Amino acid sequence: MGGIGEPGGGPGPREGPAPLGAPLPIFRWEQIRQHDLPGDKWLVIERRVYDISRWAQRHPGGSRLIGHHGAEDATDAFHAFHQDLHFVRKFLKPLLIGELAPEEPSQDGAQNAQLIEDFRALRQAAEDMKLFEADTTFFALLLGHILAMELLAWLIIYLLGPGWVSSILAALILAISQAQCWCLQHDLGHASIFTKSRWNHVAQQFVMGQLKGFSAHWWNFRHFQHHAKPNIFHKDPDVTVAPVFLLGESSVEYGKKKRRYLPYNHQHLYFFLIGPPLLTLVNFEVENLAYMLVCMQWTDLLWAASFYFRFFLSYSPFYGATGTLFLFVAVRVLESHWFVWITQMNHIPKEIGHEKHRDWASSQLAATCNVEPSLFIDWFSGHLNFQIEHHLFPTMPRHNYRRVAPLVKAFCAKHGLHYEVKPFLTALVDIIGSLKKSGDIWLDAYLHQ
C-alpha cells in the first residue's frame, strides 16, 4: 500500500498533510504509540490519524488538554468537548496525515469495543431526544437570582447598617451568590447554554470576571484537563495536590520512598484548616492572577479588576477600605467551603492514580459518582450531584441530567459498570474517610516497606 505506516515499516519522519486526492498513508497502533512526546504528538479521531505537534499550542482548550490524548483514540473526547463538529473538523483537515490500517482496531489496547459502540449509541439517543438543547429561560432565571442576591446583600447593609448581624447575613447571601456564579460560569465554559461558542465565551467572561473576579481562560485551562482525564495524576489538576495531600496511588509511592513533608496520617484533620477555608481565597486567587499575567490575558484581567472595583465601590462607604477587605475575605472563605465540599464529594473517594488508558465512558465512571437528587441539592450543587451524567456529556445542559440518567443507568447495568449514588451527607463524610484511608496507607508503607 506504500504509506509511511505500511505494515512492518517504521513510523518514518514527521509527515505533513497528505496531498489532495492522494491515498492516505496507513498506520498501526505500534507506530502511533511512539508519537506521545513533547513536540511530537499524534492522535486518532474516527480512525483517522492527525499530527497535532505544531498545532497544539493554538488549540483553544490549551496544548495540555489535547496533548493528554496523545497516541490515543480521542474520538469520544472529541465529540464530548465540541458542539459544532462540522466547524471543528475544518481545523482537523490540515493536520490529517493518515488513517488506521483496516485490520487495526479503532482503539489501542484491551478496550471493550461493544461498550464503546453502545456508549456512542447512547450519545446518539440523547441527541435524538434533544437533550443537548438548552432551555434559555432556565439559565436566565439562574442569572436573575444571582443578581438579585447581589442586590439583596447590598440593600441589607444600606438599610440596616454595617452591624454584626446584618454583615453576617450579607456575607452569607454573597457567598451563596458566588457559589451559584461558579455553577453558571461552569455551564458557559462547557458551551451548554448558547448554540454559538462565542456567545458562551463572552457570557462566561462576564460571569467569571465581573461577578467573581476570576479569569475564564484560567478556569477552562484547568477544568477541561480535569474532564479529559479525571483523577489521573499530572493530567487532572484537581488531584495533583501532593505534597500537601496524598490521594490514591500517591500514598503508597510516598510511603515507599520515605517521603514525609507533612504528617499525612493526619491529613484528614489538617484538611479542615487548609482545604475548605483557603482554596479560593489563597490558591485560586494566586494561581488565577499568575495565569492572567504569564499568559497575557489582559481582557480577563480587566474583567477581574471590574469585580474588585464594583465590590469596593459598593461597600467602602459603609465599612471603609479595611472593613470591605474583611467582608471580601469572609465571603471568599465561605464560598471556598462550598466549592471544596461540593466539587470533591464526587471525586476524592473514587479511584485516583496514574493513566490507565481506558475508554471514555469507563474512565469517567471510575472517577465519578452521583449524589441523591432533590430540588434543594440540585440547586445548591448546581446539578453537580449528577456528576456521572455531566462527565459523560460535558456540553449537555444540566437541566437535562435527570432525563438522561435512566439511559446511563441501563448502559452501566449492561456492561457491569458501577453507577454509584450516595446520600448527600454520606458523600461529604466519604471525603474525610478517603483522606484518612490514604494517610493510613502512606504510614503503613512508610513504616514497613
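We count from 1, first residue shown onward.
Just so you know, glycine gets a Cβ as well, placed from its N, Cα and C.
Segment annotation: TrEMBL labels transmembrane segment over residues 164-184 (candidates 143-163, 164-184). TrEMBL assigns the feature transmembrane segment to residues 267-284, out of the candidate ranges 267-284, 285-302. Here the transmembrane segment (318-341) has Cβ contacts under 8 Å with residues 157-158, 161-162, 167, 170-172, 174-176, 178-179, 182, 275-281, 285, 311-312, 428, 431 of the same chain, all six or more residues outside its ends. Secondary structure of the domain 'Cytochrome b5 heme-binding' (24-101) per DSSP, as helix, strand and coil residue counts: 30 helix, 20 strand, 28 coil.
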